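*Asks:* Provided herewith is a single structure, encoded as structure tokens, for subsequent inquiry.
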Amino acid sequence: MNNRSRSRRLAFAALSTSAVTRTSIRTTPSRHLSIGWVALVAALGGLLFGYDTGIIASALPQITQEFSLDALEQSIVASSILVGCIIGALTAGRISDRIGRRKVLAGVAVLFILAAIAVALSHSYLLLVLFRIALGVSVGAASQVVPVYIAELAPAARRGRLVVMFQVAVIFGILVSTVSGFFIGTLDGGWRITAALGAVPAIVMLVGSFLLPETPRFLVLSGKQEAAAEVLRRLRPPAADVQTELEDIIQVETESRAKARGWREMFGKRVRPALIAGVGIAVFCQITGINAILYYAPTILGNAGFDTSGSLFTSMLVSFVLFIFTLLGLFLIDRWGRRRLMLAFVPLSAICIIALGFSFNGSTVEGSPVLLVVLLVLGNALNGGSLSVVAWLLASEVYPLAIRGVAMGFTAFALWAADLLVSLSSLWLAETLTIRGMFWLFGLIGFAALAFVYFFAPETKGRSLENIEESLNSGTFFPRRRRRNRN
């Protein structure tokens, strides 16, 4: 610790001794909470996120037939949830900064339940679109609040794995949606059953949310230091130095509050490096083509000569391998670190996607369909195990406490806007550039993502949220400046 930081810490300690001492000297035993269990309940929001965005692939054919939809109406039904996601992401951040992360989690669960049932009962095209927008609001809100909630509760050494549980749950939700679509989606009215099933985990999440604690960092932000200390004692091992952790949180919150000016602060010079890193990784994880593959894999496989059953089965394979690589990312994230994981996997993904382009002659399959499937599965999985794993995690780590909710909401908005852009433009790109050209474009964007990671993505492995915020204050946030400061 440099002299400037040490003197500031000593000055802070002198000003806040009474508050911290009062919370630290309590010795009444507290009922211990498992941080893993808490993260698992919160991560149910990710499962709902994945399930409700993924289910449309198998449901759309039946919906199209039942409501006699044309091509434009099909696109509106499919993408309407993304419009809601953008709304939810933008609004949830400010709300969670005002009323707390836990209350927003409970509200998200209620909206998930109501919207899932409403979608299942829709009997007109207009109502279906409106209720899918409402469902999207809950998905967008979950994408903002769940990673922040877990990151603010987790100890630094385990934060990566615990936050990545959210992304694992997202991919598991997508996998469940493809499996349920394969087995139930072919039944008469099966799309209504699969839509209603989304309410089940939402009910579990709602019940669980009443048992979850508020995050200590939000409690400090609200002036409730004693309650924050109580939460830390319940979540940390008996030997943990809760007092020091609480002092760090209060110190950084005090400094951050003095500088915070809401949206103006988020775009200001101090926070700009975090915004570049957080938003950049979030956007790159979408525009490198992962969701284009997830959304349009059946079409690509149909062009490769697969029948309908084979296309659906292979789509399940794509989702299953993506889930396995997301679990691999969960295992490696706190061992390798965020940067090393992306620097290792992103170029391999880009190579696979470019090679996938060579499997097409224009938009016609050229070569082995088996090789095409292997490249499709690996390119998607390597992306999902790196950029997609890190996107939510990094965004939950890098922003100052006083504006974390708003900044995370803006990052989620950018991600959903990029997702919407990809979903609306992929078929146009395939027609304009051919399928080969589209995959080559995604591959080149993958190499651009690699350069971005190298220059702008900081390593946050093993660092406290307060230490990361201090690097913004000292101007050592970006990797090159941090290395220069060490030297």
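The backbone N, Cα and C atoms fix where each Cβ goes, and this holds for glycine too.
In TrEMBL, annotation is done automatically, which means it is predicted and not curated.
According to TrEMBL, the feature transmembrane segment maps to 32-51, 71-92, 104-123, 129-150, 162-184, 190-212, 274-297, 312-333, 340-358, 370-394, 401-418, 438-457. Per TrEMBL, the feature domain 'Major facilitator superfamily (MFS) profile' maps to 38-461.
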*Asks:* Are the transmembrane segment (190-212) and the transmembrane segment (312-333) close, by which I mean at least 3 Cβ pairs under 8 Å that are 6+ residues apart in sequence?
*Replies:* no
*Asks:* Which listed stretch (274-297, 312-333, 340-358, 370-394, 438-457) has the most C-beta pairs under 8 A with the transmembrane segment (401-418)?
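*Replies:* By Cβ pairs under 8 Å, 274-297 leads among 274-297, 312-333, 340-358, 370-394, 438-457.
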*Asks:* Restricting to the same chain and to residues at least six past its boundaries, which positions have a Cβ under 8 Å from a Cβ of the transmembrane segment (370-394)?
*Replies:* 143, 147, 151, 159-160, 163-164, 166-167, 171, 277-278, 281-282, 284-285, 288-290, 293-294, 297, 300-301, 304, 314, 317-318, 321-322, 324-326, 328-330, 333, 338, 341-342, 344-346, 348-349, 352-353, 355-356, 359, 415, 446, 449, 457, 460
*Asks:* Averaging the per-residue pLDDT over the domain 'Major facilitator superfamily (MFS) profile' (38-461), what integer do you get?
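*Replies:* Taking every residue of the domain 'Major facilitator superfamily (MFS) profile' (38-461) together, the mean pLDDT is 88.
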